[in-house]
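What TrEMBL records for 469-491 is region 'Disordered'. Residues or ranges marked as transmembrane segment in TrEMBL: 41-60, 67-85, 178-202, 253-276, 302-325, 346-366, 372-394, 414-431, 437-454.
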């Protein structure tokens, strides 16, 4: 009995230590944000998630081109259930359990230790930065249809990309509340022409056209299109510390954003493929504008092209926000120098992280990097596999962790929830070429190097790191403390 009492006391002590560690982790990753800014409420958060993932049906056309209307419609109908919903459920549970800035970095750190958290940060940050770098160039491409000088390489194009970058960097500097409500306006403006197109197309729809298939199917392009248009649901987690009542707001926002995004793809595709008789081969990037012109006239075609520019603005702004707050969260955890956690005095935004991310994406915007973009998908897939593993591991090792929102499944169901999207991730990685493997390996090696470089700098005192709780500067940052037993869940 004495031994049983002793074990019971140990269990209580261990539970108390875990609770303290969780509180410290959240405090580290979610410092006081009251300052001069306002936290994100439900509506702007929904539209920020919408732009982090999709920004409208722009870019869905290759799904029709590669396999035909039938498979495109089935893909955008089924894929949310096997990918978007599982990723969103995992994001909702972990974001409310550990509602700090840094999101998935914090989850990996709490599950497996600082090395995994740092590697997760590298994979997701590189993927997000490369993804964001495409939007200034895409905006210039669309504007080039109206102003031919912008379409050609040269001064006007460079100026357009730089102005695009600078204006949205300033917007992010003013705070997430401003970015969020701007996203609401951009979202309504970019989706409205598709609502009109779908309504005008109704009497012209012939359901038999939905059964068309491409003569030569490109399954690699088809699955990559689905994946590219319906991922990054977890990006919102990097800003969880800036959300008003995250335990209630985040799950509601994710459910709303998944519904809006899925319908935002499916309904315009049904309208366009059902109303016009066009070969799948004609459905290249930007064909939605041509389809709108055939259905309603040139005025709607131009409106959709303007909507594409607005969508690019929203996509870039949301991506810049999530990437910057990821750096802030990593700095708060001690994985990066504390300079990345410095906030602006008036707007309380992480201005160093915003500026660094803006400079990186601006530099990438001038390069053509198809293989690097494919590598970004590969790195994102690696990060998602680690994220699913952290979700399951925390369910096993930390059943006592407070979860304001909990995926309504026991452990076997949670494992099954992650298995299907994980299988798809493995499939996407398996069909990548050797160049993608090489580039991904190089970025991963760089991430490992960054982790050990940060440890070296901390040991030598050549850079200042967060102490993890607002204590003395000389205190050991949690990310670089000995892993010999002070961290629950380290393996």
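Glycine too: its Cβ is placed from the backbone N, Cα and C atoms.
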In the same chain, residues at least 6 away from the ends of the transmembrane segment (346-366) whose Cβ sits under 8 Å of its Cβ atoms read 33-37, 129-130, 132-134, 136-137, 158, 161-162, 165, 168-169, 172-176, 316, 319-320, 323-325, 327-328, 331, 339-340
Within the same chain, the residues 6 or more beyond the ends of the transmembrane segment (178-202) and with Cβ under 8 Å of it are 40-41, 43-45, 47-48, 50-51, 55-58, 171-172, 264, 267-268, 270-272, 274-275, 288, 291-292, 295-296, 300, 303-304, 307-308, 310-311, 313-314, 317-318, 321
Checklist line | Stretch contact, the transmembrane segment (253-276) with the transmembrane segment (302-325), Cβ-Cβ under 8 Å, 3+ pairs | finding: no
Given 41-60, 67-85, 302-325, 414-431, 437-454, the one sharing the most C-beta pairs under 8 Å with the transmembrane segment (372-394) is 414-431
In the same chain, residues at least 6 away from the ends of the transmembrane segment (437-454) whose Cβ sits under 8 Å of its Cβ atoms read 114-115, 118-119, 121-123, 126, 335-337, 371-372, 375, 378-379, 382, 463, 465, 479-480
